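Visitor: Got a structure for you, questions after.
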């Protein structure tokens, strides 16, 4: 892709106006690109405007819009170069396509508190894949145990979203009822975690086992930490009976747990490929410095299915498949580092 020089503000505004008037306000559910889009400023601006429309992007002034357009161009160049490598995954113009990687890391990762595991909880030892008899495929979405993908926004509350996915799953499995529960309640009330500055999924799960949790529509998500309002919301909607830890650094143990219910997991999500992930089986590049909590809701012969909390404008409609079976005890992106699930009798 040839580098296209920065353009003047006046020219940018003129082209934007021309492109905007010509846009079809149809379905932009997938904003893709072709090699022709990379050949001129006008085509790039048209692509940018289509992407803005899809993701409801509004900038405060023309200077910010030009700034975001320049980042968008750089990310598109990176996406195009990466996708030509024929990896098992591909990148795309997702909701984060106008953000630099440094900005993305600051806003959307780093929300797992330093002590992301605990010695308070025991685990059942599972030595390897051959020690357990589990299905080849598991997808808790197909079994009606997973609610729609949520969006945590710029609050570092991934730990609460991760915990809630597992609570919703086990309640469905035990009772037959799928309900949405309150991430905001965990954000407000878990005093061992740090609100929007990070937290512990295991601590959130212990809170629900000790007290309970309200429905999401009773205690809706606000994206900021406030005081704990559980008493104001009336009786709890659900309660679990405990928390278990999955044996760390053991793929077989994690698969065994996922086969029984959705599981809270952590991983390293700060890389540019993770930021711009569009689909396929992700293999990295990434390390083991876990900085984000998600939920494992299934697996296949060569991947683990992850539900994220960045909305449906990222990944495979809010999901990512992470490569498994690599022989790395940490797992790709540190996925086997720290995993927990709620107990419901």
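Backbone N, Cα and C define each Cβ position, glycine as well.
It should be emphasised that the depicted structure is a prediction, and the values quoted were computed from it without experimental measurement.
Per Swiss-Prot, the feature signal peptide maps to 1-18. Swiss-Prot lists 155-196, 189-228, 286-333 with the feature disulfide bond, giving experimental evidence as the kind of evidence. Per Swiss-Prot, the feature leupeptin binding site maps to 158. Taken from Swiss-Prot, the feature E64 binding site applies to 158. Marked as active site by Swiss-Prot: 158, 292, 308.
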Visitor: Using all protein chains in view, find how many other C-beta atoms are within 10 Å of the C-beta of residue 228 (disulfide bond).
Guide: 14
Visitor: Let me know the most crowded of the disulfide-bonded residues, choosing from 155, 196, 333 and counting other Cβ atoms within 10 Å.
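Guide: That would be 333, with the highest Cβ count within 10 Å.
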Visitor: Roughly how many Å separate the Cα of residue 189 (disulfide bond) from that of residue 292 (active site), to the nearest whole number?
Guide: 20
Visitor: DSSP on residue 286 (disulfide bond), three-state: which is it?
Guide: coil
Visitor: Can you figure out which of 155, 158, 196, 292, 308 (the recorded positions) comes closest in space to residue 228 (disulfide bond), comparing Cα atoms?
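Guide: Closest recorded candidate to residue 228 (disulfide bond) by Cα: 196.
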Visitor: With DSSP assignments reduced to helix, strand and coil, which class does residue 155 (disulfide bond) get?
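Guide: Where residue 155 (disulfide bond) sits, the three-state DSSP reduction gives coil.
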Visitor: Spatially, and counting Cα to Cα, which of the recorded positions is closest to residue 308 (active site)? Options: 158, 196, 333.
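Guide: Among 158, 196, 333, 158.
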Visitor: In Å, rounded, how far does the Cα of residue 158 (leupeptin binding site) sit from the Cα of residue 286 (disulfide bond)?
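Guide: Distance (Cα to Cα, whole Å): 19 Å.
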Visitor: Let me know the DSSP-derived helix, strand or coil state of residue 292 (active site), please.
Guide: strand
